[in-house]
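Shown next, in structure tokens, is the structure this report addresses.
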Amino acid sequence: MPAYLAAERAAAIEAVERASRVCTAVFQRLVTEETLTKRDKSPVTVADFGAQAVVNAILEKHFPDDPVVGEEDSKDLQGEAGRALCEKVVDLVNAAVERPMSTDEVLRAIDRGQYAGGSTGRHWTLDPIDGTKGFLRGEQFAVCLALIIDGKVSLGVVGCPNLPFDMSRPTEDRGVLAVAVEGQGAFQRRLHADGDAEERMHASSVANARDASFCESVEAGHSSHGDSARIAELLGITKQSLRMDSQCKYVAVARGDADIYLRLPVSSSYTEKIWDHAAGNIIIREAGGRVSDVSGEPLDFSAGRTLSRNKGVIATNGRVFDAVIAAVQRTLGDKAPGA
Ligand SMILES: Nc1ncnc2c1ncn2[C@@H]1O[C@H](COP(=O)(O)OS(=O)(=O)O)[C@@H](OP(=O)(O)O)[C@H]1O
Ligand SMILES: [Mg+2]
Ligand SMILES: [Mg+2]
Ligand SMILES: [Mg+2]
């Protein structure tokens, strides 16, 4: 008998690999000195839409009844104003899929991501490019896809085209795909590998928080770096933080490159989105780690498109979880959220 969610796992890997190729192709063709100095976001926009269309088309082929909560929608591609961008996206998608897609089919595929989410049945959640800023810098970004069943993340795939397979050789062998299914463990494989060779991922065995290291966002606007410095002080952490964009941070903690990923609320009005955390969440749990919000409560993926019942995210190797939550509570307890 095939393993639980074997067909979903294979389809999700295929979708993430194809979308990763779309992103890499866009980067090679469109991200130039000029776009970078002009802070022109159009390359990432083309890649966001293209990758969402490709993933949603593949999901529809395999699981036509499964809805999708995707980050993007086709609004900006509609009408006269969107025509030029839309043409680029359609060309890009057609270079990546087996059967040519018309403009309408591409727009419809993107808008298969409009589902509201919720607590019953199955749905996928997709972030076609997570870490858009990292993508534009040629650094870390990820294509993230997860399957949520009755409000629980049951499968997650994170494609990381620029992540080294082995952090001790940071300039070689880039391109990692991390995958986890409930109850089956977390694995990494080479993105675009010929075969199906996979290595089990284990979170670190660091037991004393003093010996731990953080993995943090590059952008201070997405997680309070001031609070994390205070938490590091309380825990006696002296090791330098690993800084990277995107859900590659979850992969880094899942394979022991770092021990703690903190995403501390910067403003009380921001609500985290499910596609920014679902795939990383199961990868951490299946690697033996533990994830919660800043109060120590599990993330609730059943509330719709956002994590409206949670504030912030704390992902750890598991062993240092209690100490980290205590330090987070002490730090945040002293002030109003986001202050
Ligand atoms: N204010 C605020 N607070 C928290 N999170 C926010 C905020 N604004 C945006 N976002 C979301 O952050 C996603 C990128 O997260 P990263 O961890 O990659 O951040 S960073 O790039 O390292 O700064 C990013 O995902 P992408 O848009 O897919 O790149 C956003 O969904
Ligand atoms: Mg994102
Ligand atoms: Mg995104
Ligand atoms: Mg975005």
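Yeah, the Cβs are placed from backbone N, Cα and C, and that goes for glycine too.
Note: TrEMBL annotation is automatic and uncurated.
Under the heading Mg(2+) binding site, TrEMBL lists Glu71, Asp127, Ile129, Asp130, Asp276. When secondary structure is read from DSSP and collapsed to three states, Asp130 (Mg(2+) binding site) falls in the strand class.
Close to ligand 3, meaning a Cβ under 6 Å from one of its atoms, are these of the binding-site residues Glu71, Asp127, Asp130, Asp276: Glu71, Asp127, Asp130. Less than 6 Å separates the Cβ from ligand 2 in the case of Asp127, Asp130, Asp276, drawn from the binding-site residues Asp127, Ile129, Asp130, Asp276 in sequence order. Close to Asp276 (Mg(2+) binding site) in the fold, though at least 6 residues off in sequence, lie Asp127, Asp130, Cys144, Gln247, each with a CB less than 8 Å from its CB. Between the listed binding-site residues, namely Glu71, Asp127, Asp130, the fewest other CB atoms within 10 angstroms of a CB are found at Glu71.
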